[in-house]
Amino acid sequence: MALSSLLRPALRSGLKSPPFRKRPRARSLHLAPPWLLDDYIPRYHLLSSLDAAKKRSLAYAHLRECNLCPRLCGVNRYKETGVCLIGAEKVKVNTIAPHFGEEPCLQGHNGSGSVFFSGCNLRCVFCQNHDIAHQRNGFDLTPEELAEWYMKLQEVGRCHNINLVTPEHVVPQVVLSILHARELGLRLPIVYNTSSFDSLESLALLDGLVDIYLPDFKVWSDKTSKRLLKADNYTATAMESIKAMHAQVGDLCFTADGIAKKGVLVRHLVMPGKEDEGKEIVRWLAENVSKDMMVHVMEQYFPRAHVGKPRRGGKDAEVIEPGGVPATGDAKTPVRYVDINRPVDLKEVASVMQAAKEAGLWRFIEPARHGGFNM
Ligand code: SF4
């Protein structure tokens, strides 16, 4: 009933106070209004058809001269490939499925509708998705076919979002797929799950299409990024990218069901012996982006990819087994990247968390003690 019709009889009868009935208490989500949304319409539905057409033609233009990531290959991807090894017409996808390995506010009860792209523009020696990102396994899909998969994740999987994992090198195709999916009736928020090795041109192309940015901030020092990510300018790029993402969508917001709908959620995977880099990263986020930034300080690092593989010798080869087990007797084998060839210590994770709190950050993804979602 409209408020005016509720008030009218009381006003006619000369009562000073209208007869309000006591409202049932709203469920408390411990969330301040700026981060609690009544409802949510994905940003791609708010785009005018003119802006959508502009995005389409920009996507094709970028593919003809690709400078979409800081590798700046400048190649025509219709004719050749750059560092990422992926062409123009199709993307290579390893897995598409509801995924339950994401943050509770993304996976909810039905899972995050994840699309794991093959290939990557980084070459992290410790890559936790090595078999997908470095080996170009999977099947080829056009943007239109990709859009049809988004619809299956929505209609059949009942997923809470479309989660594009490692998409930095296929942004034009992703843009075309989202624009096609909106015509097909997609209603789910788009999650851009990135290493943060993105160019500003690429993020500008995504503006208006992505609802949630899920960037990693991996390492702080240039020496570490050169050695472990095989990228010279990772840290400066990640800073610039995360600022641009935050300028687009702000801090992470939720609807009352506890599912994230819009904003930035930064992940930092704490690495063995590198907690000082983690501390610099969380301080930088607090001081330069937002103290209300939602942050996930991750503890699941494990030696993978090239870490712990046998090496042929060299002066800094040390004798430790893959996985960090001390080598004994005949089993002794010199291995690569011995300094990160162990799981992370929980004390290292705790010290990064402590630095984050001291810097003023307060919104963290932590294991839910109450058995529900974290907000
Ligand atoms: S997206 Fe691929 S081709 Fe384009 S600049 Fe990056 S690595 Fe090179």
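Using the three backbone atoms N, Cα and C, a Cβ is placed for every residue, glycine included.
What TrEMBL says about a protein is an automatic prediction, not a curated fact.
Pulled from TrEMBL, these are the features on record:
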BINDING   CYS120, CYS124, CYS127  [4Fe-4S] cluster binding site
DOMAIN    115-284  domain 'Radical SAM core'
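Least crowded of the binding-site residues (CYS120, CYS124, CYS127), judged by neighbouring Cβ atoms within 10 Å of its own Cβ: CYS127. Under the three-state DSSP scheme, CYS127 ([4Fe-4S] cluster binding site) falls in the coil class. CYS120 ([4Fe-4S] cluster binding site) carries neither a helix nor a strand DSSP state and counts as coil. Per-residue pLDDT, averaged across the domain 'Radical SAM core' (115-284), gives 95.
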